[in-house]
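Here's the structure we're looking at; comments come further down.
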Amino acid sequence: MEHIPIITAGKKTGPNVSSSGVFNQSIHPNASVLALGILLCEIHHLTSVEHWQKDPDAQRNVNTNWYTCHEILQTLEAEAGLDYYLATKACLHWEYLPAGQDAAFESETVQRLFYQNVVKRLEAEIFKSWRLRIEDLSSFDSQANESCWGSIGREVVRLETGKDKYPTDTNNEVRPPAQRSISDNVPASFNSDMVLQKSARPARAQVIPDSTNSLHFFDASHQTGCEQENPLSRKWMDNLLSSIHQFVDPFEPVHAGALQMVEPVRIGILDSGFDPENPLLRDDFGRIDPRIRVAQSFVHGTEPQDIRDEIGHGTHALGLLLKIAPCAEIYIGKIAHRATLNRNTYDDITKAINHAVSEWKVDIISMSFGIREYNEPMKRAISNALHGQTLLFAAASNDGANLGRAFPAKYPSIFCIHSTDGNGNPSAFNPTADDKDVNFSLLGENVSSYWPVGLANSLGEPVNAMSGTSVATPIAAGLAASVLSFVRQQDQHAMVGSDLLGPWLKDVHSMDMVLKSMARQTRGAGYNYIRPSELFDRGASREKVYDKIKDLRRHMYD
């Protein structure tokens, strides 16, 4: 954050406000959201909106204030952090409303989009600049507040978090906050002048202990859930699916008593559950896709059968796995019901990993989440999974160069997955490439997949497009599953007594070599861009592709 706020007093003047909170004859559909957008502009520039108007004597109202902020938004884009700018823009341009729908602000869809497009981005901006989580602002004592924010900031925090009705001066005398008349579109709840000097920006080491640095789930600041599928992304996916369908036989349910010729690959997905009502997950008879073998909730305080997806993330990831791994069985572990987590979630994730390994016997686990602290039980579960030759895929992070890889993606021997656009260019939200490790990347921008019926898009379709390293992760996990499925299917034709590739490919170093064989170095960026066609060449036979993997094994230690 470039500047620290002036939050001005809330005297209502000007246009009337309806009972719904919308200014009469206002350009903007919601007065409170508009006020927040204007306030964010004022905070950045340390100037109230009336000072920007060219004619100080001209009549001011909510619409002139909107036009003024609209004009300075371009300056904000150049100066402020990306998340701060996007949050402000979402407020001013009402980008929290679903396209083509007249939805109330209190509706679930609008609340979800407002959280993703405004609140989440402001939280990310505070964390990047101050290393603070919102919940930590109320946990400081007066000494910590003053060391971080200065004496005025200390009293602001105490006031806003309800620790005192009014701040106190050095003589411990209670005094009300100073007030002044301001723009007619600042809500009345803003009832004091609050000035924090830029020089009061806290040193990062002083702000917060490591134990509170991690309450961030899915690294989802760029997963807006309201994007449009890009033609390049669609082409990339179409090419991938065409290649896979040429080389991997589709799933065939095994009837009771029948002999299973090829052991199916088992994928565990740890996410937000899925929507069983999505028609794309059912066959013509209304039955759930037989590839979905088990779905179980591990969320603290819920029943095991409470697997419904409330945010869409898990359903989207599941759809990608079903498309890209047509021969795999899917085991769903619900570990969260919202896009943020608490301490209980660490235990939930740990239980889900252990269960997926010991009970479901999965070959691959897809984890589209990241935390920012060390957790010993989770680390032990991951270590145990790797020891049992379970291949683990995890999202790198969506915080760009501001932060490095998240955990568990940064853990050794886990496939850390970054994102690209449909042309293979690294996504701006990737963490900086690690020059001491491989940096696998593949499509993760504007990717369409399944979506909960209750959160359907403006056309009422149970699909949506999303972006993020957590979108690229199930694509990578699904690709690995299809390679393993292909090898197992080809192994059944191998000569008796010959070494099979299937068991070899379950080793993390072997899969790493196969993925590297498909990767090309991105110019100047340090990412290893996976091109599936490098292995699944549609001009090659199955035997040739199988022999190519054999050659990789033969020369593994050359």
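Any Cβ shown, glycine's included, is placed from N, Cα and C.
Where the annotation comes from TrEMBL, it is an automatic prediction and has not been curated.
Remember, it's a predicted structure, so these values are computed and weren't measured experimentally.
What TrEMBL records for this protein:
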type     : residues : note
ACT_SITE : Asp271   : active site, charge relay system
ACT_SITE : His313   : active site, charge relay system
ACT_SITE : Ser470   : active site, charge relay system
DOMAIN   : 18-126   : domain 'DUF7580'
DOMAIN   : 265-488  : domain 'Peptidase S8/S53'
REGION   : 164-183  : region 'Disordered'
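Note on Ser470 (active site, charge relay system): other Cβ atoms within 10 Å of its Cβ, all shown chains, come to 31. Across the domain 'DUF7580' (18-126), the DSSP tally of helix, strand and coil residues reads 67 helix, 1 strand, 41 coil. Put simply, Ser470 (active site, charge relay system) is 10 Å from Asp271 (active site, charge relay system) when counted between their Cα atoms. Note on His313 (active site, charge relay system): other Cβ atoms within 10 Å of its Cβ, all shown chains, come to 29. With a 10 A radius on its CB, Asp271 (active site, charge relay system) counts 27 other CB atoms from all the protein chains.
Spacing of His313 (active site, charge relay system) relative to Ser470 (active site, charge relay system) is 9 Å (Cα to Cα, whole number). Secondary structure at His313 (active site, charge relay system), taken from DSSP and collapsed to helix, strand or coil, is helix.
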